[in-house]
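Now, the feature entries from Swiss-Prot:
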type     : residues                                               : note
BINDING  : Gln215, Gly217, Lys218, Thr219, Ser220, Gln473, Gln475 : ATP binding site
CARBOHYD : Ser76                                                  : O-linked glycosylation site
MOD_RES  : Lys123                                                 : N6-acetyllysine
MOD_RES  : Lys167                                                 : N6-succinyllysine
MOD_RES  : Lys167                                                 : N6-acetyllysine
MOD_RES  : Lys230                                                 : N6-succinyllysine
MOD_RES  : Lys230                                                 : N6-acetyllysine
MOD_RES  : Lys261                                                 : N6-acetyllysine
MOD_RES  : Lys427                                                 : N6-succinyllysine
MOD_RES  : Lys434                                                 : N6-acetyllysine
MOD_RES  : Lys498                                                 : N6-acetyllysine
MOD_RES  : Lys506                                                 : N6-succinyllysine
MOD_RES  : Lys539                                                 : N6-succinyllysine
MOD_RES  : Lys541                                                 : N6-acetyllysine
SITE     : Ser413                                                 : site 'Required for activity'
Amino acid sequence: MLSVRVAAAVARALPRRAGLVSKNALGSSFVGARNLHASNTRLQKTGTAEMSSILEERILGADTSVDLEETGRVLSIGDGIARVHGLRNVQAEEMVEFSSGLKGMSLNLEPDNVGVVVFGNDKLIKEGDVVKRTGAIVDVPVGEELLGRVVDALGNAIDGKGPIGSKTRRRVGLKAPGIIPRISVREPMQTGIKAVDSLVPIGRGQRELIIGDRQTGKTSIAIDTIINQKRFNDGTDEKKKLYCIYVAIGQKRSTVAQLVKRLTDADAMKYTIVVSATASDAAPLQYLAPYSGCSMGEYFRDNGKHALIIYDDLSKQAVAYRQMSLLLRRPPGREAYPGDVFYLHSRLLERAAKMNDSFGGGSLTALPVIETQAGDVSAYIPTNVISITDGQIFLETELFYKGIRPAINVGLSVSRVGSAAQTRAMKQVAGTMKLELAQYREVAAFAQFGSDLDAATQQLLSRGVRLTELLKQGQYSPMAIEEQVAVIYAGVRGYLDKLEPSKITKFENAFLSHVISQHQSLLGNIRSDGKISEQSDAKLKEIVTNFLAGFEP
């Protein structure tokens, strides 16, 4: 083969019309042909080696993984509920994704189909669309990056301030802490509202229900509580700080916007997260929002911090859950609610807890709100939530329209565990006040029928009227605990018994201004000691007496 190629090369090198070829010319042609063949051989060897290395690299770097997805198809869609065929291995409460990009959650796992609730507008889904599993249970972003933001039930920002920067996510349906990690409530959660902090005190880790008819001031108590935490969050002591989560369920968008503006004006948004599932959102989002907010609060609790979560209100969550359950063909029970509506709220509220020091010592306090119809607390949802929580603040329409605001019914309101967390100073001044007010309400009902009352009854009525006036408080004006103690001291010790009831509010404003400007050291002692010492008691008595002597109503 080699000789043939050499001969061909020599022939090409010879002149075409050569008569006689010299030996030198023939020799040089042969040498040139041999050199050409050697260079070609070297090129072939180099190309083969390079090709082999490229192929080897590609084989070693090839992605051998196979991307498998379990999919199903929509059988029917309507009223926010999709019936999906396939998805045989889907989990309960797993997130699924429709071909339109919408997300949903599998709730009903039936033999031949899966009932999926849609998180959004079901008009974007049609029969026959592909649905794929995500393999993930519904989760939301958590962390301090959410503070100051307004998010929807899935944790997506809806305040126009860009995406959430949180890298931590947490499942929305986590189990509540067990018995061992918990410890009894022992630290006060101050609302800044005199009537609450003195009569129905709340502790960190407690669940205190706010219940009443519409337009009786339920949300106002919650918002005042958030605003009052500014005095603690402005400090540097992490143990005193209280991060707040407000969950708006089924409210008007304008109402949520006003609330966010109010918190922003009070400089309270910097430590608050607002989770909004408004009336125009799908029922599944209204159902999910409280659990999403709770997961955000649990992040603080489990990291040794303190958080407060307000569910406003759980009546609307129960209605959304009833709607979903009936559309999923689950059997209805009392008031058409499904049989597990108690579990709906208990598994949510049990996640509020005070953790012991081995588990970080954090806490999550819950203030659920329930709206009653015509003051009926014996309805299904109110009785359920009353039995789950550690007490309730009961607001009455009648008191509200009488001008007693906050319109708290002292007789029906109770805090089952909060007294252990109440500051000693407040216990010293307000210990007898609840009994006095309850007796006053009872006697006042009979006093209108008779005029000849004995001196003790007249004294009880006189004191009750003045204490009721003293507990009135304007909206968005929470008070520090030491200021509350100073004002209530004047009332329960009888210094205001001679003052006209109509002058009580004026006295309170003037007295507080005087104490704050002239006796800051006394307030500081009460705040730091947590109690009224003998010296502080004597000083308070002197201040009240001297102020009343010069007070001109």
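Including glycine, each Cβ sits where the backbone N, Cα and C put it.
On the structure: features taken from Swiss-Prot.
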| residue | record | contacts (Cβ under 8 Å, 6+ apart) |
| --- | --- | --- |
| Ser76 | O-linked glycosylation site | Ala82, Arg83, Glu127 |
| Lys167 | N6-succinyllysine | Gly143 |
| Lys218 | ATP binding site | Ile210, Ile211, Gly212, Asp312, Asp313, Val369, Glu371, Leu395 |
| Thr219 | ATP binding site | Leu259, Asp312, Val369 |
| Ser220 | ATP binding site | Pro406, Gln475, Tyr476 |
| Lys230 | N6-succinyllysine | Ala266, Asp267, Ala268, Tyr271 |
| Lys261 | N6-acetyllysine | none |
| Lys427 | N6-succinyllysine | Ser419 |
| Lys541 | N6-acetyllysine | Arg493 |
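Cβ packing within 10 Å was compared across the modified residues Lys123, Lys434, Lys539, and the lowest neighbour count falls to Lys123. When the alpha carbons of Gln473 (ATP binding site) and Lys123 (N6-acetyllysine) are compared, the span between them is 48 angstrom.
Residue with the densest Cβ environment among the recorded positions Gln215, Ser413, Gln475: Ser413, by other Cβ atoms within 10 Å. Comparing C-alpha positions, Lys506 (N6-succinyllysine) sits nearest to Lys498 among the recorded positions Gln215, Ser413, Lys434, Lys498, Lys539. Ranking the recorded positions Gln215, Gly217, Ser413, Lys539 by Cα distance from Lys123 (N6-acetyllysine) puts Gln215 first. A simple way to gauge crowding: the CB of Lys506 (N6-succinyllysine) has 14 other CB atoms within 10 angstroms, across all the protein chains here.
Recorded residues Lys498 (N6-acetyllysine) and Lys539 (N6-succinyllysine) have their alpha carbons 21 Å apart, per Cα-Cα distance. Checked against Lys434 (N6-acetyllysine), the recorded positions Gln215, Gly217, Lys539 differ in C-alpha distance, with Gly217 being the nearest. Cα spacing between Ser413 (site 'Required for activity') and Lys539 (N6-succinyllysine): 33 Å, rounded to the nearest whole number. Straight-line distance linking the Cα atoms of Gly217 (ATP binding site) and Lys539 (N6-succinyllysine), rounded to a whole number, equals 36 Å. In this structure, the recorded positions under consideration are Gly217, Gln473, Lys498, and the one with the smallest number of other Cβ atoms within 10 Å of its Cβ is Lys498. Distance from the CA of Lys539 (N6-succinyllysine) to the CA of Gln215 (ATP binding site) is 41 Å.
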